[in-house]
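A.B. asks: Found this in Swiss-Prot, in case it helps:
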type	residues	note
DOMAIN	861-1038	domain 'Helicase ATP-binding'
BINDING	874, 875, 876, 877, 878, 879, 880, 881	ATP binding site
DOMAIN	1095-1244	domain 'Helicase C-terminal'
REGION	1318-1485	region 'Disordered'
COMPBIAS	1318-1461	compositional bias 'Low complexity'
COMPBIAS	1462-1485	compositional bias 'Basic and acidic residues'
């Protein structure tokens, strides 16, 4: 009877719980007549009105209710509401999860009032200090009275296990953690005031110690892993069950996380002598060993921690308790229970800690003695404590193993006592972790599932997720099937897996002896293995590089859905590392085929501790088929596509490298091959296993129909609960089966004892057969419950398309026909070696002779031999053109056959030069390739000449493919044949990274149609040549030998292709002569590159008036500026990549043919292929040139000459972009050329310098004479003091700003004139940058003018003056470092002035002077760099104003003297109206007091000095040195905390200005711009310079600084100069468009006119299309952002009906737009609220501009004669631009078509760019965003070939601006 009553009570309770969960349904259904409805939820009355749920007061609303509602709620208990009403705190705890699931929540900030101790909400008038101490909570707001608001926060109640039955089973036995007090005794670890000052060092430099700990652990682990093989250190497979390794395999990411967790404890060890908690150690007796902390700090430098021997000895001594060192380790282990702050985030394990929020680190408080002690507000959680102990154990084992002879101290039985104590601690913490599970599991019998933290998880959830992943797998398979005849999954399963003739009987791990290097692939007979690889389809007749890449990418993508299919199919879940390491071969193999059931079985061990025996899990038949198919078909395709040269994987400790005698000699290629043939789940692009970040992306989207998604840990707990309660195991009868299920999930090692009453049950307690049977039964139960087998037979249609079958059968014959076509010999006239000689005499005359035998041999090889493909590398100037020119003339002389050949060059500027050279003497008929593409073959032309873009164009490819048919129809003969395909400078295919996407179309070209392919270059060593040929789809260079297996695989890959290798002729190596020895090469460091270049050019033209020169500049802007400024001296031609093709050809031709043209200025595109006879000088101003660009540039000097490499002094070293060659280095140029070509080095030997470093022995007599004449002219100019005209002001401005940038915090340019002065011209003589002598002169570094004289930075000697930059002394003067002072003059930049003399930065003493850099003051002088003032003059490094003189660092002019070392203009003699004076507050007058130690005050002072302008409205661009007009267009508006990704500078409970604890705050009074804000902006600057992948890697690199914005700013400021240069370089085009308003014309974009109809439209047509698109969107109520993101035409009526921004954003959020945006695009690299906030306040100026233009749009519509339609309002317009910005496909297409723009990576820059105007084809102006919409529409249009998927790839975003 009692049992029945108990069951009845249980049922009633369950029913009540279900009714409570259905309350939300009543909220929608139970409505009153007034549109309102009320419902009671856990003590609160909830009102629903207009889809809004709010908590209301019953007493207030009861008179407004219907009578029935009022009666219903009158008896309700509103105790919870009354409790909230009476609570004095603003924040009130609420235990109702249903309430929080029903009512919208918000995030609010709260603080603890110091006076009352109450928790109050942060309001507008809350003080600054209270705001800094605030913390954030997720709350529900409640209006408890008039203007009285409370906030509810969810706090879960303790479940009452004593109060009778409860409707659900909670997994929270207890919540209070006393372990840190009882076991670790943390309350006895007290810190005094001195300790706190020491600990502040850690928090001030946490990033440093994070990096230090990681590097130390990494180094120790490397040494420990390299110990000789023994059972204690090296893991072997036979050691799998019987023992565990001491030094375990760790991935690098794990080592990094361990290192970050160890940072606080490494700090404690390094300061063991200073902290009072180590008092026991500090009281050691004389003679006992002490820790030399200074030596440790030196040895453990984080940049290179190689010296770890001493550290290892200390660790060994601590483990052995030598002297009192054991006390140190004892204290450190106890300190592990202290929470020193959040550890690193990321990875699978970190998801387990996501429920732990608002953790507070150790906070100091004052005890009764006035000492600061550690008050533990929140100790480490058990899970985090366990991770910390994991890290400590790893460090102790690795460090001790570095020097210990053996590792017996870690033995479980005979080890030292310290190790045993550590294991006890770890065991207790692990047990506590198991009990502290924070996930609430509730049974939901009605839906056959459970509720995990209020989220429903049942059978339908699992099946929906599983089949969504299966569908994704099938979709990717279909993409491969479009290119190949792919066998289906069912085909392979039926043919092999289900075929009983194929046996899979083999021993499995943990059962029988393991056989190394086995795989179930070896069990498959050879006859089956030969037919599994798919064949190419007929329309895809080439296995090009692009197709190979498509194969590898597709297989990488379908790996992730397969992982999820396995995860759900096994049922008893894996932790992610176990799933990640599944392997089908090798020593870590765990994937097998069961010979009986023909299902895949997985034998895995518990990866987390490696101590348990293997677990057997069996997959269902459907999943088994997919896994088998992946291994046998897809992985083998991937291996073939990657090729034998694939080497992306590095050796990682988690790999077991077997089969090599010396594992240290294993190359990356060997490792990659092992990984590909062993592990299942790989990311071949990155060279790593599939990362957890990639894996978990599916959880955010799938299953589609689930209202709430579970994270990975919740899903794991849910799967365990399903297996426990829903799969059908009964505790009474299936005792061992239930226990087996728990162990298969690795859920608890004590499950048998605690739950099932079995004493320490494990699978080893039963026989091996029984263990296998129990596990197979468990898997069978899960498979039956999930129902995957029922879908097995209908999951994949076994029938194939009849056409595919026929085509597949015919593929073999097609293949042989293709090969026969390629290998057949062409009918042609007999050739003779005499043909080449005759051709040479036609071209050069009867006296023609070859240069050497190499040239003769190569001409005969090209003309006579049957080699189908030839590559030639010859030095520049060798005569490579003749190598194909003579054979072409010989071919043209054949009468019976007409040969048509093609020549392609890299740049348009070479076209004119090539056509002139090749058409001379009338030997060949030459025409542009464009004629052939547009009109076809004319029957007359022998050679068509074009550029690489023509070679890659689809029209050219189609013309060649249809050649035979067209020729036969046009000329009625087959005697018109394709001759040579010649590609000049073919190294560009590999080295021009930013253009590689343009070359993709070349892979579609049928090379086999040509008689011969010839590739020429002067800079293509074997490695570059081989890679370049493979990039365009060819086989590559011929190898000396080929293995038979490799040959067979090559044939498989190249079905239907020509696999001829290219023969390489390397004339440079054959001749063994270093190229360019005939040119004199000089590297000069100068103050101003343009100024020095102008001097050199003027000198050259004075000596050789008829000569020519080439100047290579770095940017297009510089090209134009040089051309404008030099035009007054000589005739100039300038070229860069932004010119149209016709203009480039015209200008090049003009420079070559017009003898009056002197200088050709351009970017690096002018350095290749141009042949100019009168050229005598090449000057390079681009310090980013690589060795190839240098050789090409110098190679223009055919007969000798001078080459100058000019770089600016103190310039930052250029950094090579990803995939590019590094820039040339300072030093011997010839040695770098030798290294590039692979020639023997002569460094330090005779003959090292050839034409460089002052050597003239190898130069021609003419070149030597030219050098001597240039030298004599320079000496003559110096002697005669010839004045050279200054450069334009633009150069002076830029150079002066560059010089001042390192001294000034701002680059504000100001030209101020003061009474009695003139700029750059005075009554006296002025000498600039020359050695001049005058009577009375003053040297200054800026443009300062006085009545008496002007001094420049050179060595000028006068009677009454001072020499600068030298140690010269005059009658009444003093030498200073940069400025000289005389009786009537004062020098700038050092600011020390006296009546008779000045000493600055020297130790010179005069009669009436004081030395600078001190605080000394004399009667008539004051020293600089201090704030001292005297009667006569004032010199200081701050802004000082006196009667006699004033200091200034800008262009100031005075009557007598001016001194400058500060940034403001000078005020002299009351002439304030001519100057702008900016007063600066004296910091000494406004001193303030802040709490904190001296260490904090010192750090605060250092930071203030490093970032001095944070008291103003400073931004990071000012800090970098940009001018105000540049900042106006580059300014990073919209950058706030939400720009930062989650976890980066977003910690709570710390100072909001510096992210440090309040007691360690380094912010200072009056600081307007916080360090945290500057860190946000610095991060945005880094984003400006990186694409998505590079930025993601950068975020990983700065992980140590994620919680330390101050440390990050220090790290950022180190490379400020480099960043400044990069922005100037990469955004020069952007500033030209937005700042100077340069016009963008679509007609200047060659690719745009060729590849898009939009670029041929008029402005009217573009506008009509724009309005039509918006009209359609408005009519269909399409969601705008989603449409422009990926052309998805989803409906969202609420968006179009929204009246304000808030409602608009809510509508987007409701349909999940922002969620999809973050998961699908680069928006995921920002914070979760970043895109949403763009609709609020960030774009006010742009919004007002747009709204003002709405009237203009209406006028345009009326002018166009269309019906006026509503132009999109601002929010819709902004949605469009955001969608376009995140649409990667569209952006790549636009950037490819519109050549004047490049990629931008910040949304504000994109919005500004979208609003500039462009010239349409009819020269009418339209906004760029209209053109964007037109291109977007074209990509989605049906009349575009292949629709949206045939997208032309774009250039690399980091490309050079010039071309």
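Think of each number as a place in line: the chain as shown, counted from 1.
Any Cβ shown, glycine's included, is placed from N, Cα and C.
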A.B. asks: Would you please pick out, from the binding-site residues 879, 881, the one with the fewest other Cβ atoms within 10 Å of its Cβ?
C.D. replies: 879
A.B. asks: Would you mind pulling the DSSP three-state label for residue 880 (ATP binding site)?
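C.D. replies: Where residue 880 (ATP binding site) sits, the three-state DSSP reduction gives helix.
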A.B. asks: Which of the listed binding-site residues (874, 876, 877, 878, 880) has the least company, meaning the fewest other Cβ atoms within 10 Å of its Cβ?
C.D. replies: 877
A.B. asks: What number of additional C-beta atoms lies within 10 angstroms of the C-beta atom of residue 875 (ATP binding site)?
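C.D. replies: The answer is 22 other Cβ atoms.
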A.B. asks: Kindly report the helix/strand/coil residue split of the domain 'Helicase C-terminal' (1095-1244) according to DSSP, in that order.
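C.D. replies: Summed over the domain 'Helicase C-terminal' (1095-1244), the classes give 54 helix, 29 strand, 67 coil.
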A.B. asks: Which residues, in sequence order, are found in the same chain with Cβ within 8 Å of the centroid defined by the Cβ atoms of 874, 875, 876, 877, 878, 879, 880, 881 at the ATP site, excluding those residues themselves?
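C.D. replies: My list of surrounding residues reads 1018, 1195.
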A.B. asks: Quick one: mean pLDDT on the domain 'Helicase ATP-binding' (861-1038)?
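C.D. replies: Mean model confidence (pLDDT) across the domain 'Helicase ATP-binding' (861-1038) is 82.
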